[in-house]
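Colleague: Please read through the structure below; I'll follow up with questions.
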Amino acid sequence: MSNDKAATSTNFNLTPNRERIFQELSELISHYSPHSMPEHADTHEEAAKWVTAKLEELGLDVTRHPTVDDADTIIGVKEPVGDAPTILLYSHYDVVPAQNPAVWTNDPLELDERDGRWYGRGAADCKGNVIMHLEALRMVQENGGTDLGLKVVMEGSEELGGEDGLGKLIDANPELFTADVIFIGDGGNVAVGIPTLTTHLRGGAQLRFKVDTLEGPVHSGGWGGAAPDAAHALIRIIDSFFDEHGRTTIEGVDTTAKWEGDPYDRETFRKDARVLDGVQLLGTVDDEPADMVWARPAITVIGFTSVPVEDATNIVNPTAEAQFNLRVPAPQSAAEVAKKVEEQIRARAPWGAKVEVSITGVNEPFSTDPNGPAVQHFGKCLQDAYGAEHLTVVGTGGSIPLTVTLQKHFPDAEFALYGVADPAANIHGVDESVDPTEIEHVAIAEAEFLLTYGK
């Protein structure tokens, strides 16, 4: 690997061991760990034991804390020397299900190297970040250790817990997580080799709504044209949330904000989002992709139910149902915007159609100031590790509810969100992968920070 600048910039020998990284990531991936799936409880526990053992090998005081969603959060602690600050390093060892392994190029539970990338479930989200933290901590040990306090937090139910187990553990025992600087290793770079910090996460909610118009189906030949079609009514409601350019519009909510950080190039966005040739991006020429995905609320129709095409018959549909995924940026409130969406659904129902709406999964957006001394120092460490002159600062449309909970309890802490993923990683999808140089470079940056911050 080429990181001479990183290896010499702090007079430390920061040299990741790629063979060890591959071996450990292989082992952790082999312990299949989707949460909330009883048939995989044994291998989820194997992953927890593996992480616990590795943290103990690093000399940390390790404890396991059960959460209300029947997972364990693993916490490894090193006390600070004197009045040195404490740094919290977070990642999670659970994964999303691998779906149908037959559609993967290789077994998703066997780390496979192809064309310079490593493939397997969790390679980037988030077991690659677990390994990154471990490698950084080893390099710190190899260079004499750090006076900083450490709290290494590994969650077991980030993806499918559903009950915010870690959030409730933080609420009940905030002292376990007290830190001056909080590093969230659950993100990634805008591209391989481009050091990136994420400062904004959109919050959001799920809205499921049903429209009823008839007591039951009736023949379209006898009544179609005058009898109100529930599917038609549902389409009318959905269409009210989008203008002629496809932009989300919510009555009473500002959907015109501009992103103030680094831009998201249109062609790069098209490639990352896998937009088909000839298909336009939403918005006008004045709407940048970064505005649309990082700075504004957005609604995506993630489910629509009427009658499947293969079961279609000549009837007027009496009922239809849809689900919105709502994303909301800071400083707006996800709960308040979700309520506005509910009000619009009800107000826009045509013909007196009966409407039922439920709101679930509300999580608030997160934003952080990257100009604090710790994050500024870490940004320089990232630039050192990559030999880069510029640090890219972006937002993301995803949500990590943990960040909001930690910020609520520790409003004076500095936050950095970063990681080993990149747009080619295809996290949550088939053939998830990681570029091993990302694990190496981010580990170098983290190690450099832990060895030099406050000195």
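Each residue, glycine too, has its Cβ placed from N, Cα and C.
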Colleague: According to Swiss-Prot, D125, E159, E163 bind Zn(2+) 2; which one of H409, H428 is annotated to that same site?
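Modeller: The record-listed residue among the candidates is H428.
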Colleague: With every protein chain in view, how many other Cβ atoms are within 10 Å of the Cβ of D125 (Zn(2+) 1 binding site)?
Modeller: 27
Colleague: Around the C-beta of H92 (Zn(2+) 1 binding site), how many further C-beta atoms are within 10 angstroms, looking at every protein chain?
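Modeller: A 10 Å sphere around the Cβ of H92 (Zn(2+) 1 binding site) contains 30 other Cβ atoms.
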Colleague: Note down the number of other Cβ atoms within 10 Å of the Cβ of H428 (Zn(2+) 2 binding site), including every protein chain shown.
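Modeller: Taking all protein chains shown, H428 (Zn(2+) 2 binding site) has 14 Cβ neighbours within 10 Å.
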Colleague: Just jot down the residues in the same chain as E159 (Zn(2+) 2 binding site), at least 6 apart in sequence, with C-beta under 8 A of its C-beta; none if empty.
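Modeller: Residues satisfying the criterion: P34, H35, H92, D94, V95, V96.
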Colleague: Given E163 (Zn(2+) 2 binding site) and D125 (Zn(2+) 1 binding site), what distance in Å do their CA atoms have, once rounded to a whole number?
Modeller: 20
Colleague: Going along the chain, which residues six or more apart from E158 (active site, proton acceptor) have their CB under 8 A from its CB?
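Modeller: Counting only residues 6 or more apart in sequence, the Cβ neighbours of E158 (active site, proton acceptor) under 8 Å are H92, D94, C126, L166, D186, I400, L402.
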Colleague: Give the residue from the recorded positions D94, E163 that has the most other Cβ atoms within 10 Å of its Cβ, counting over every protein chain displayed.
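Modeller: Answer returned by the neighbour count: D94.
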